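Colleague: Below are the features listed in Swiss-Prot for this protein:
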- 1-28: region 'Transcription activation (acidic)' (REGION)
- 66-256: DNA-binding region (DNA_BIND)
- Lys84: site 'Interaction with DNA' (SITE)
- 237-244: region 'Interaction with DNA' (REGION)
- 246-296: region 'Disordered' (REGION)
- 246-263: compositional bias 'Basic and acidic residues' (COMPBIAS)
- 269-281: compositional bias 'Polar residues' (COMPBIAS)
- 270-289: motif 'Bipartite nuclear localization signal' (MOTIF)
- 298-329: region 'Oligomerization' (REGION)
- 312-323: motif 'Nuclear export signal' (MOTIF)
- 318-369: region 'Disordered' (REGION)
- 342-365: region 'Basic (repression of DNA-binding)' (REGION)
- 346-369: compositional bias 'Basic and acidic residues' (COMPBIAS)
Amino acid sequence: MAESQEFAELWERNLISTQEAGTCWELINDEYLPSSFDPNIFDNVLTEQPQPSTSPPTASVPVATDYPGEHGFKLGFPQSGTAKSVTCTYSSDLNKLFCQLAKTCPVQMVVNVAPPQGSVIRATAIYKKSEHVAEVVRRCPHHERTPDGDGLAPAAHLIRVEGNSRALYREDDVNSRHSVVVPYEVPQLGSEFTTVLYNFMCNSSCMGGMNRRPILTIISLETHDGQLLGRRSFEVRVCACPGRDRKTEESNFRKDQETKTLDKIPSANKRSLTKDSTSSVPRPEGSKKAKLSGSSDEEIYTLQVRGKERYEMLKKINDSLELSDVVPPSEMDRYRQKLLTKGKKKDGQTPEPKRGKKLMVKDEKSDSD
């Protein structure tokens with residue numbers, strides 16, 4: 001009891017009630033404060049308000065035109081052919097990437113001037129045609145329900161980043177577009193670019209997804225707060241055979257370019273080009289053979305033939321061609337006329353006599369007999 005009473009007395013001596021204390025400044029001895037100290041110094045201090053975000057407002061329709069910016073931002077792709085075995089190939093003529101579903105697509109990021117520290121690279125997919133550009137590009141329901149990946153990327157996102165644990169998958173608050181962001185990395189020594197490995201997780205032909213609608217992938221270089229530093233874009237087709245599709249589309253593209261070139265040529269020049277092209281086509285007439293005889297191609301070729309019968313046939317053809325190089329066209333025409341006359345006689349078409357006399361046929365008796 002004695003100890004508890006002593007503790008109560010100690011508590012009463014050290015406890016300061018709010019009525020007695022008043023303001024906290026009364027607890028401080030005046031001898032420790034300078035004479036010019038103002039106890040109301042903190043009365044006019046305002047509480048700092050949160051600043052609005054410096055990120056630019058997101059456009060409802062993203063711009064896909066190239067913008068290298070002050071840093072000279074551009075993209076590169078590894079060289080690849082059109083073999084059927086390739087899983088990813090890029091066409092510079094079409095500015096189009098052909099790839100298989102969920103296969104690695106390396107894209108090289110190149111800058112002339114290093115961007116600020118903390119810059120990021122953002123990849124966004126949009127539809128190419130104006131009638132579809134307002135829609136969000138997302139995976140089809142079938143692939144969206146398919147379990148794949150490491151679980152870091154949302155199931156609806158078309159574009160994913162491979163081999164980078166710092167990738168962040170975003171969905172815009174304004175237009176709900178999907179994007180994936182990775183930090184910009186300085187190229188390693190001896191290299192002029194940084195490579196990002198992308199995957200496209202749905203086929204272009206999938207119903208309920210892209211549904212054969214062409215898409216563009218926009219790669220943008222941004223600061224950490226979203227300010228645009230550079231932008232590039234390219235078309236993407238996700239298909240089963242990238243090499244075959246690239247070869248077909250490049251062939252069609254070249255044909256279209258040739259047609260457009262002919263359309264730009266005036267009609268008079270076009271007719272002259274047509275005449276020149278038709279005159280260069282080989283014809284079996286004698287005049288053309290005369291031109292062939294004057295050809296400067298004197299090289300001799302050897303052809304191996306199996307079987308004597310074929311050899312005799314090809315030999316006759318060769319002898320005829322050699323003869324046509326020597327015989328003038330007029331003699332050739334005269335020879336053809338003789339062949340036609342002989343052919344008519346063999347068919348029994350005998351000429352009628354000029355003065356009405358009956359022409360006797362073999363084994364036919366005359367009237368006198």
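Glycine residues also receive a Cβ, built from the backbone N, Cα and C atoms like all the rest.
On a predicted model such as this, the values are computed, not experimentally measured, just so you know.
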Colleague: Let me know how many other Cβ atoms fall within 10 Å of the Cβ of Lys84 (site 'Interaction with DNA').
Modeller: 9
Colleague: Looking only at the region 'Transcription activation (acidic)' (1-28), what is the model's average confidence as pLDDT?
Modeller: 57
Colleague: Pull the DSSP breakdown for the motif 'Nuclear export signal' (312-323) and write it out as helix, strand, coil residue counts.
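Modeller: The motif 'Nuclear export signal' (312-323) comes out at 12 helix, 0 strand, 0 coil.
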